Amino acid sequence: MKFIDEAKIEVIAGDGGNGVASFCREKFRPFGGPDGGDGGKGGSIYAVADRNINTLVDFRFAKMHKAKNGENGRGADCYGKGADDIKLRMPVGTLIIDNNDGELIADLTEHGQEVLIAKGGEGGWGNIHFKSSTNRAPRQKSEGKEGERRELRLELKVLADIGLLGMPNAGKSTFISAVSNARPKIADYPFTTLHPNLGVVRVSHEKSFVIADIPGLIEGASDGAGLGIQFLRHLQRTRLLLHIVDLAPFDNVDPVKEAKAIVKELKKYDEALFDKPRWLVLNKLDMVPEEERKKRVKDFIKRFGWKGPVFEISALTREGCSDLVTEIYEYIAVQRQAEQRTEETPQMVEEARGIDSIDPDDPRFKIID
């Protein structure tokens with residue numbers, strides 16, 4: 001299935017049915033009162049997050065989604081039937097944005113999350129509602145309201161703890177296949193990875209994290225070159241980036257120059273993504289003679305000007321991968337605990353306790369260091 005992470009759709013909720021003006025006419029009630037029923041409600045449209053869907057391809061070809069209108073009311077106090085709602089299933093991680101004003105309508109982050117994106121119109125009132133002590137035979141009725149109509153832009157940002165950065169053929173796909181359950185296409189030519197891949201890394205039965213691999217970046221990516229720039233949005237939700245560098249490239253390519261190009265493109269694309277925690281992973285050590293490894297690593301770090309964490313691995317032989325995975329999980333665990341503490345911290349609101357401000361000179365209060 002083709003990976004699609006953007007789509008534009010139009011959603012049209014159903015109109016409410018019209019109310020009716022009707023009067024009871026029976027054999028022994030020739031002048032019965034009003035009995036016009038209400039119109040049924042129009043169908044609404046909901047977006048539902050589904051973890052079993054991983055692309056927006058269905059919405060690339062089905063651009064319009066319209067719910068049915070509610071039925072009109074009838075006499076004998078018969079109400080019109082309400083139309084069924086429509087539920088559009090989308091991948092977890094989908095952003096739903098109003099295409100006209102850019103308003104973020106919903107961010108689908110959990111499986112089963114359901115969000116109303118177009119509300120159906122309310123049904124109109126029948127004349128039974130307009131009866132009063134001064135108007136015993138009302139002929140008024142109201143029409144159903146129109147359903148909402150919206151043009152939406154859907155953007156998929158995969159949910160992962162770790163994101164992989166690197167040039168084409170840096171070994172990102174080999175790494176993700178070595179440490180997770182993902183099985184991306186691996187070959188010895190550039191741009192083997194054509195769309196993001198997600199893998200679950202299991203440290204133990206109860207400990208795991210999700211890692212995302214995107215197509216490799218090249219110099220000039222922020223200006224449209226290559227494939228990776230269009231997928232960088234998938235790294236915006238990650239907690240940590242792994243910058244994977246090929247330490248033994250072919251054709252005498254300078255790995256320092258390539259690594260600096262990645263950092264440059266990252267900064268040009270998004271400052272927030274550039275500021276995200278980033279670790280340096282030097283790959284393909286199996287292709288470097290053992291007596292040269294230490295010097296090559298030291299020279300690279302010096303020329304690159306790197307001061308952060310550094311890991312030396314061979315994704316092919318899995319050398320160093322286990323230690324890296326352990327370090328990643330420990331880092332992720334600390335981040336998760338910090339987020340949980342933030343969510344649980346009670347927010348103190350002075351107004352809720354009847355205090356607008358505190359005067360240090362007020363004798364009712366004592367400042368404790």
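Each Cβ is built from the backbone N, Cα and C atoms, and glycine gets one as well.
Quantities reported herein were computed from a predicted structural model and do not represent experimental measurements.
What Swiss-Prot says about this one:
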- 166-173, 191-195, 213-216, 283-286, 314-316: GTP binding site (BINDING)
- S173, T193: Mg(2+) binding site (BINDING)
- 1-159: domain 'Obg' (DOMAIN)
- 128-148: region 'Disordered' (REGION)
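For the recorded site, K172 (GTP binding site), the DSSP three-state label reads helix.
Within 10 Å of its Cβ, the residue among the binding-site residues K172, K284 with the fewest other Cβ atoms is K284. Note: the Cα of S173 (Mg(2+) binding site) and the Cα of P215 (GTP binding site) are spaced 9 Å from each other. Here the binding-site residues are S173, S314; the one with the fewest Cβ atoms within 10 Å of its Cβ is S314. Taking all protein chains in view, 25 other C-beta atoms sit within 10 angstroms of the C-beta of G166 (GTP binding site).
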